[in-house]
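Reviewing the structure listed below.
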């Protein structure tokens, strides 16, 4: 479907435009891009008539500073952080009249990139919209702005590009099927930003490995790889389990973790960052191979002081997203270019990504890494972070259990006592549910242990989507969930070391928060754990199935 980057660079160098597509989970659009030095009146007119979007001039920050072109706004609230400067026309003494004609806009572009042009040679505002590209290009930000500058630079031309969003004739945004046809119709090369990132990853780097050291921890034996970002001199680390020489031969379990001083170091209960970090390290130790990439982007990218200001607003009743927006920031300012280069340095090709955040998947796909599996990371809520976790699920789209189906406790022979043993079992349980919408969430709360017993592996099965309305889910005729749960339980009871299995039906809400003072209990044998039994189960009853039939989950 997509053309090779080398072929696109040849066309850029020859003065032609190319169609550039970003990730479907980002802007999900295609832009027509050409090198700025080849922006003729005819090409500008083609963009205006056949692409129909806003015509912009992507330039380096250094050149925009020379021209004294500040950002259009001091606080950018655009979700993709597109960095518009004030708009411009070439000054009248340079031959521009209204500024809007194709000839005037082409002339303004040529004046802007001319090294002898001074700030007073440009009128403000105008009809060309300069965009400030991030230093580091698409390796720093996977946007069309950076792609335009990178393509021009890689083609050996002046590092500036003209871009225009491609719209359909009816004014709607052209998506990939329309963009494929558009490129075919006008004989244009079609490339993706993901491929451009991969191309640059093969040819240049902005990450430098500084040192490696042993890292014994309470979670296991690891190695720390320290890196420096050569663009901004920030320091980051990779916490590595196993031999990196083996990373290129198999999918590697990876966690991208952004620094959280209050959570990671100070144990804050307002977020789940520390619990996520610790859970990820335990998973790596159990798996024996993997990486936690620890990125220095505090407060989802807004910095420590601004994060604390957001906390102050949360104290007044705002949620985490509203607080960021109140301060003039998007909900999430993080980017994963540095982390992608660190993984590339370690030889990682395929990723089993530990995340609940769809933006991380979109961001890493944009950096040329193949994500073969998403491994959920579900964290226990507390009185302080429960609203925070709910907001992440509802407003940031995180994959967290929103609706609980049942709580399960399993007793094994011998007992599963250590953290490593629990994670081994949970990995096998997650594997049983792979390919289904069902999610697993371990529960270590005292109320769950009191209910099921301290030697039990306790977890919830639930969904990150809404339950069908009407009947209880286990009796719903047109819902897929009863059959999925039946199959899951039947597979569980076949494990040879499983002694007893107990569960409590839920109807969406966390069953540990809706327990009655007195619960019914039914103890039966594994032989009675059939597909038909599900229809008879009731809430507020603990059902225990065992090989012997006594079923009591003892050893409390």
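Backbone N, Cα and C define each Cβ position, glycine as well.
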Binding-site annotation, Swiss-Prot, Zn(2+): partner of 271, 273 in 213, 260: 260
Whole-number mean of pLDDT values that fall within the region 'GTP cyclohydrolase II' (203-402): 81
Other same-chain residues whose Cβ falls within 8 Å of the Cβ centroid of 260, 271, 273, the recorded Zn(2+) site, in sequence order: 262, 263, 264, 268, 270, 272, 274, 276
Candidates 165, 271, 273 (recorded positions) with Cα within 10 Å of residue 257 (GTP binding site): 273
Lowest local Cβ density (other Cβ within 10 Å) among recorded positions: 127, 144, 255: 127
Assigned element (helix, strand, coil) containing residue 298 (GTP binding site), judged by DSSP: helix
Rounded Cα separation (Å) that holds between residue 271 (Zn(2+) binding site) and residue 259 (GTP binding site): 12
Separation of alpha carbons, residue 144 (Mg(2+) 2 binding site) and residue 259 (GTP binding site) (Å): 28
Residue 127 (site 'Essential for DHBP synthase activity') to residue 165 (site 'Essential for DHBP synthase activity') - Cα separation in whole Å: 16
